[in-house]
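**Student:** This is the structure I want to talk about, given as structure tokens.
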Amino acid sequence: MLDATTMRIVLATVTGIVLLLFYVGTYRRTGSRYAMWWCFALLASGTSTGLYLFNGTGLQAIANPLGNVFGVVGTGCVWFAARAVRGRAPIWPVEAFLVGVVGLAAFLDHPAHDIWAGGGFLLWGMLVNLALTVGETILLIRERRGATRSAEPDVTTSALRALLVASGGLAVLYAGRIAGYYLLGPFDPRFKEWLGSSVTTLAITVVLVIATFSVSEISHYEVTREIRLRARYDDLTGLLTRAEFLEQADAWRGRRPGAAIVMMADLDHFKALNDALGHAAGDRALLAFGTACRQAVEGRGIAGRIGGEEFAILLHGDDVTSARQVAAEISHRYAHDTPIRLGTPTVSYGVAAAAAQEILSDAIARADRALYRAKRAGRDRFEVDDASDQ
């Protein structure tokens, strides 16, 4: 195998080429935050590699600790890139803590005479960032699988899996390096041969090749994800749109055979609130209800905005009493959290129990009729369809 210095020169060259490709070919074209964070990662990684080339010179005391710092910054940027695809912001305190600890440990550990100054902290910092990247990538793959509803992986899923293999493989390598560092020591010939800088540099080069394959596809997925989310979710309440609710409800019932509860909800006196206090007040009431509904239904079913101030909720099972409890929880949260009101905000509900083989639209129609009865009977009521009453 080539010596560490030669390998680092090769890695720095490859990093520079890949950085140019990512910036010109992907980031400039798409504006993707995933591509942007990968550009920062490559810049930091290339800087780290370049700084390590000063080992054995008079600049080692400064260059070596800075190389450690930029190395951790690089893997942190890869973690941030994975978060960006899901629309998540960077978690700066965590990364600042890792970088600070690694840098401080290196500068305090006689870096002028020891190229492994603060080495244990460096390895742990790299592993933590890589493990966080693996976690984010797994969440991305699950999200993508749920969005496509297909057993066959598409190109984006394949790209995400490639990223998972790359980050996971590198994490395993760093876990092995940590074990070797403490069990053998960084100057042991076995550590140098199997877990040393040359092996790590080669592994990072392979990761860059994989990243080159995946960055364009994942960047495209990121920039189109927001468009897809807008089509699936109501931008005011955060609940499913009507079309998405109906589609997911059918799929949800297919995965959970048996009876289900369909619940229609309508905000009482919503028109009066709009007329008296303006549409902004109405929008805030809708947002408050959407939040209350999401919190109450999470883990129990799905909910969507059907139109205006009317909503639909699907719950598994045929227990009307449980549905009544969910409705009570929604009403309580809504009444407590609505910032602008005319009196106490209330909600009317209509409920129907859908048999296992019943068409969903029929159950929705029955729940809607029960809702109409609740409104006609004075509002702020929970009415059960006659065929569902137990």
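Just so it is clear, glycine is given a Cβ too, placed from its N, Cα and C backbone atoms.
So TrEMBL has the following annotated:
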- 258-387: domain 'GGDEF' (DOMAIN)
- 6-24: transmembrane segment (TRANSMEM)
- 36-55: transmembrane segment (TRANSMEM)
- 61-82: transmembrane segment (TRANSMEM)
- 89-108: transmembrane segment (TRANSMEM)
- 120-141: transmembrane segment (TRANSMEM)
- 162-182: transmembrane segment (TRANSMEM)
- 194-215: transmembrane segment (TRANSMEM)
**Student:** What residues elsewhere in the chain lie close to the transmembrane segment (120-141), defined as a C-beta under 8 angstroms and at least 6 residues from its ends?
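**Tutor:** Same-chain residues near the transmembrane segment (120-141) but 6 or more away: 68, 71-72, 75-76, 78-79, 82-83, 85-86, 88, 94-95, 98-99, 101-102, 105-106, 157, 160-161, 163-164, 167-168, 170-171, 174-175, 177-178, 181-182.
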**Student:** Of the stretches 89-108, 162-182, 194-215, which racks up the most C-beta pairs under 8 Å with the transmembrane segment (61-82)?
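**Tutor:** Against the transmembrane segment (61-82), the leading stretch is 89-108.
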**Student:** Going by DSSP assignments with H, G and I as helix and E and B as strand, what are the residue counts for the domain 'GGDEF' (258-387)?
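**Tutor:** Helix/strand/coil tally for the domain 'GGDEF' (258-387): 62 helix, 33 strand, 35 coil.
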**Student:** With Cβ distances under 8 Å as the criterion, find the stretch in 6-24, 36-55, 162-182 that has the most pairs with the transmembrane segment (194-215).
**Tutor:** 162-182
